[in-house]
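Trainee: Below: one structure in structure tokens.
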Amino acid sequence: MDDQNKNLILATGLSFLVIMVWFFLFPPPEAVTEGETTVATQQTAVAPSATPDAPTTAVPPDAELPETQRVVIDTPRLQGSISMLGGRLDDLSLKSYHETLDPQSQIVRLLSPVGQPNAYYALYGWTPAGALGYEDVPGANTTWTQVGSGALGVDQPVTLQWDNGKGLVFTRTISVDDHYMFSVAQTVENNSGQAVQLAPYGIVARHGKPLNLQNFFVLHEGVVGRADGKLTETKYDKVAELPQVAREGAQAEVIDAQQDGWIGFTDKYWMTTLIPQQGQPFTSVTKYVPGADIYQAETREQLVTVAPGATAEVSSRLFAGAKEWETIRAYQNEGATEPTEGAEPIPGFIDSIDWGWFFFLTKPIFTVLHWLNHMIGNMGLAIIALTFLLKALVLPLAYKSYVSMARMKELQPELEALRERAGDDKMLMQREMMRLYKEKQVNPAAGCLPILIQIPIFFSLYKVIFVTIELRHAPFFGWLKDLSAPDPSSIFNFFGLAPWAAPTPGTTMALIFIGALPILLGVSMWLQQKLNPAPGDKAQAMIFAWMPWVFMFMLGHFASGLVLYWIVNNLITFTQQYVIMRSHGHHPDIFGNIKASFSRKPAAQPAGKAANDGAAPAKKRKP
């Protein structure tokens with residue numbers, strides 16, 4: 001076989017192998033059945049300890065308070081309530097996001113109180129030190145009272161208060177911006193006759209693993225945090241395997257940060273994160289309580305000494321919402337989504353989005369894609385425009401590869417003559433071929449580059465489409481309402497023309513009866529092959545014949561945005577290769593190659609045509 005076909009088969013086969021490995025390593029996430037619902041537990045979060053001699057124990061069980069003992073949360077993007085029991089932020093839903101494409105479906109609920117399946121909440125408090133005991137400071141079961149009245153809203157903070165009856169008055173003022181950032185100011189007024197010591201803390205607790213946990217290898221779900229510039233990601237299974245720490249009374253990992261950081265729980269699209277004051281030391285804790293099946297992320301700030309008659313205040317923040325790129329970036333760079341006096345930037349907050357191994361590609365790719373979507377107004381068209389930009393970026397390298405492929409065609413007569421002279425002497429054949437390539441300045445491996453260069457770009461774009469919320473429920477045109485999901489159409493019901501429904505996504509039937517977009521992908525790959533005639537070797541010809549259709553089924557369950565990218569990429573590659581081949585005197589017989597692919601017996605090629613490997617003879621140039 002000629003080297004061009006050999007290289008093309010090698011590159012295509014490698015791409016196929018990589019996608020196969022990807023398919024088996026990263027299978028589609030399994031849907032959670034109703035039977036897998038975790039039974040709610042009444043156990044609450046484990047209170048932290050500030051000093052080695054202060055024991056860490058689980059807070060006793062509690063009962064939920066009636067709705068009248070809650071403070072309503074109502075902002076343009078959030079709705080929910082704060083429980084007066086412990087002052088917990090434990091009821092929060094995102095107004096801008098629905099569970100499904102149906103606008104009448106339920107909005108996404110992020111936080112839920114104890115007593116419901118998979119309780120998920122944020123809790124603040126103080127850890128006692130010195131002469132103080134846990135009964136002297138507010139905890140998970142402290143009943144707070146609201147100072148004044150009214151709901152928590154943008155520019156409408158609420159204040160909670162608790163008096164321990166021993167001279168200490170605790171106040172908690174909670175405010176929220178127009179996106180997803182809560183500010184929590186905790187104060188303690190010392191009206192006793194002696195100085196007291198105590199330390200503020202924040203906890204985000206999850207009872208059991210999330211119901212919709214995808215357990216996808218390529219996706220991080222679990223604890224995410226940053227301390228002094230170092231990002232840490234710990235999946236739920238790994239949290240449950242942490243070593244037992246006696247001082248914590250649980251399995252835990254404790255990190256002391258000196259300058260900045262944050263910690264919390266991240267899902268695919270949502271996140272709840274504790275953000276202490278930046279520029280000051282704090283302790284970051286990841287914890288698991290096996291008996292109660294509670295996962296915790298904690299921040300503990302420095303011990304505070306409050307003199308008699310004095311008041312101490314500590315402020316922190318809580319992010320609870322969608323991982324929108326612009327929003328997260330604004331918090332990282334400016335500390336707020338709008339210019340706000342005193343707002344502290346949050347270093348490294350953009351890394352709470354799971355950019356993956358190819359972060360050096362996924363970050364710039366998404367940045368450009370987001371800008372294109374903002375300019376065009378349609379994510380599908382933005383993906384198409386991004387494909388053109390990426391192809392333009394790699395055009396110089398691709399051009400050299402296509403030129404090398406065209407020169408390889410010119411060498412076919414000389415290579416055939418070499419084969420006849422060398423006979424069975426493979427060493428002689430190899431030596432003469434290398435001499436010929438060097439003499440003609442041809443790189444036989446250059447034909448692999450156009451295909452191989454797509455692999456990291458393909459995987460990076462896959463990651464972007466899979467994890468960024470901007471692609472969630474992003475429509476294109478027609479039947480493609482969600483570019484982050486597979487093509488919903490199906491051959492089974494003739495693409496919606498038949499009166500019966502398409503197979504359920506994720507089932508074997510859905511993998512077999514693919515949609516219109518994967519079929520277009522197969523056709524685009526098949527058309528790209530027709531720039532060259534089928535190889536003379538039967539094994540090669542069979543590989544070439546089956547490859548487009550194998551890829552068609554392999555990628556049929558991938559996100560439609562990714563399949564759209566590959567289709568456009570194939571069409572651009574086809575056009576580039578066709579133009580470059582013609583510019584070097586080769587005229588691909590596309591229709592002839594298509595016709596030959598349907599004939600049972602390959603027609604004998606004229607000598608002149610065979611010499612050019614299916615291309616029309618080049619015209620002689622005038623000297």
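Keep in mind that glycine also has a Cβ here, set from the backbone N, Cα and C atoms.
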Trainee: Would you please say which range out of 26-48, 141-163, 279-301, 601-623 has the annotation region 'Disordered' in Swiss-Prot?
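Mentor: My reading of Swiss-Prot: the region 'Disordered' range is 601-623.
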Trainee: Could you pull out which residues elsewhere in the chain have a CB under 8 Å from any CB of the transmembrane segment (379-399), counting only those six or more residues past its ends?
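Mentor: For the transmembrane segment (379-399), the list is 365, 368-369, 372-373, 449-450, 453, 457, 461, 470-471, 474-477, 480, 483, 561, 564-565, 568-569, 572-573, 576, 580.
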Trainee: Is the transmembrane segment (507-527) packed against any residues at least 6 beyond its ends, judged by a Cβ distance under 8 Å, and which are they?
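Mentor: For the transmembrane segment (507-527), the list is 479-480, 486-492, 495, 547-549, 551-553, 555-557, 560, 563-564, 566-567, 570-571, 574, 590.
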